[in-house]
């Protein structure tokens, strides 16, 4: 082996050094990165479940709104029929009142839906902002000093809030 220029002591030392580097990298780099990725995955899954619940609630509220409108229409038709029997003169006034009531009920239902949706969206945005801050702090905490980390975190939260305000 001397003719090939291979020194077994140097080769063994290099193999040991490479193995040591692999162990150090696995312990101090690979595991923390995997932990951050798992937290991000969990956050994404939680947000998807929250979005699905909100969409289901929204569908329920839309169905409720449709039912209220159906009931209002049925009520208006019943009132209109009674008015026709009683007197043709007052029929147009009663129909107008019933339509106004139906519109008010519909508008109230829409406003209620909008308020609930806005409240849920605000909760979701707060949760996402908190989780984003936590992830950014965790990911950047080891790489940046406190002042830079806070500045980057605030900037990301501000960008998130700006994006959510556009929608």
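Cβ atoms are placed via backbone N, Cα and C, with glycine included.
With a threshold of 8 Å between CB atoms, the same-chain residues lying at least 6 positions outside the coiled coil (44-71) that come near it are 102, 105-106, 109-110, 112-113, 116-117, 120-121, 124, 127-128, 131. As annotated by TrEMBL, coiled coil applies to 44-71 (among others).
The coiled coil (95-134) scores a mean pLDDT of 88 in the predicted structure. The coiled coil annotation in TrEMBL covers 95-134 (among others).
Within the chain, the transmembrane segment (6-25) has no long-range Cβ neighbours under 8 A that lie six or more residues past its boundaries. The transmembrane segment annotation in TrEMBL covers 6-25.
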